[in-house]
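So that you can see what the record holds, here are the features copied from Swiss-Prot:
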| type | residues | note |
| --- | --- | --- |
| REGION | 1-104 | region 'N-domain' |
| BINDING | Asp34, Asp86, Glu158, Glu160 | Mg(2+) 1 binding site |
| BINDING | Arg47, Arg70, Glu158, Gly231, Asp233 | DNA binding site |
| REGION | 122-253 | region 'I-domain' |
| BINDING | Asp179, Asp181, Asp233 | Mg(2+) 2 binding site |
| REGION | 336-344 | region 'Interaction with PCNA' |
| REGION | 345-387 | region 'Disordered' |
Amino acid sequence: MGILGLSKLIADLAPQAIRESEIKNFFGRKVAIDASMCLYQFLIAVRSEGAQLATVNGDPTSHLMGMFYRTIRLLDNGIKPVYVFDGKPPDLKSGELAKRAERREEAEKALKAATDAGDDAGIEKFNRRLVRVTKEHANEAKELLTLMGVPYVDAPCEAEAQCAALVKAGKVYATATEDMDALTFGSTKLLRYLTYSEARKMPVKEFSYEKLLEGLSINSREFIDLCILLGCDYCESIKGIGPKRAIELINNYRDIETILDNLDSSKYTVPENWNYKVARELFIEPEVANADNIDLKWVEPDEEGLVKFLCGDRQFSEERVRNGAKKLMKSKQAQTQVRLDSFFKTLPSTPNATNAAKRKAEEAKKSANNKKAKTSGGGGGRGRRPK
């Protein structure tokens, strides 16, 4: 689910935090990609040009086709992807998972009704709702990535949290996902639509964590509370509080505890046994692997291994697979080109460092004004009188 209404809220109140770019503008960047989100996109995507979507046994292969060709496209544009796979969901997510199971049952009933009625549009619509990424899909994708020479990371828990940890550690530039909660986990950059097909012609949307905090006039802790009020995967939200009211409450009271002390109970009903504190801690201290211990390496592809894996039962065109392998090799050789800013190490930003820089700038400005005042006011010269 991500965070309900967050994207629009940022667009309305902190538009400077969003930048649209072409994919080529991320040349030389390392990006952590939410693998499950990608696989879901690939599984529901409508394929054209006579592409094979299943094995001889009828098992889907669209997730492998998508992973293969989209990854090649990223590498063609000088982007180094690392895919991050979900681990076990946190216990607090069980409520959201139960809701998804209910929606799945409803979709199954609706699909049967659409099938009985011969409603082709309805059949397609509800079939898409029933798609889910399985462990087998993920394992096949990992095997494919290994053969392509592209690294992946198994997150102990949420992939978005692990992506954010890689960004904060300086291992990668950004998190690529459609789920906005990567920002709630503290990813300093979020890229949306990066793995969309070229045919959709969607510019990549880059969200800046620092600029959104500045635009919303809140700090990182307050941003987490805002996201909980908007609606997240870990607890219920307060019915009747939409995005506009949520940011007003955060700006007025700064945290959920104070909001609850001042909330009009005749207008809003707080969920019983509301686990907002546990949800907050999940965002502040998520279960992630230590990013410093993760070694990311992009190596040469195994062309023969790719042919063996994708052709045969999976029915990929050998010619296209070999052409793809050659593109991978070419991209690997071109990786010697680097961005100019890669020569300068960027240290992870911290609130203390930012505040110190601001204080230093203010002190320098104050010192300059004092000198100016002394120069213009001293000795009876023709300088301007101090105001």
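Cβ from N, Cα, C; glycine included.
Locations of recorded Swiss-Prot features on the structure.
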| residue | record | Cβ contacts under 8 Å, 6 or more apart |
| --- | --- | --- |
| Asp34 | Mg(2+) 1 binding site | Val84, Ala159, Glu160, Cys163, Thr175, Ala176, Thr177, Glu178, Asp179, Ala182 |
| Arg70 | DNA binding site | Cys38, Phe42, Thr195, Ser197 |
| Asp86 | Mg(2+) 1 binding site | Ala35, Ser36, Ala138, Ala155, Cys157, Glu158, Ala159 |
| Asp181 | Mg(2+) 2 binding site | Gly2, Ile3, Glu160, Cys227, Cys232, Asp233, Phe283 |
Assigned element (helix, strand, coil) containing Asp179 (Mg(2+) 2 binding site), judged by DSSP: coil
Other C-beta atoms that fall within 10 angstroms of the C-beta of Asp179 (Mg(2+) 2 binding site): 23
Sparsest-packed among the binding-site residues, when each Cβ's other Cβ atoms within 10 Å are tallied, from Glu158, Glu160, Asp233: Asp233
Additional residues around Mg(2+) 1, ordered along the sequence, whose Cβ is within 8 Å of the centroid of Asp34, Asp86, Glu158, Glu160: Ser36, Met37, Val84, Ala155, Ala159, Ala161, Gln162, Cys163, Thr177, Asp179, Ala182
Three-state secondary structure, which DSSP defines for Asp233 (DNA binding site): coil
The region 'Interaction with PCNA' (336-344) [mean pLDDT, rounded to integer]: 59
Per-state residue totals over the region 'I-domain' (122-253) - DSSP helix, strand, coil: 69 helix, 16 strand, 47 coil
Local backbone state of Asp34 (Mg(2+) 1 binding site), from DSSP in three classes: strand
Three-class DSSP secondary structure - Asp86 (Mg(2+) 1 binding site): coil
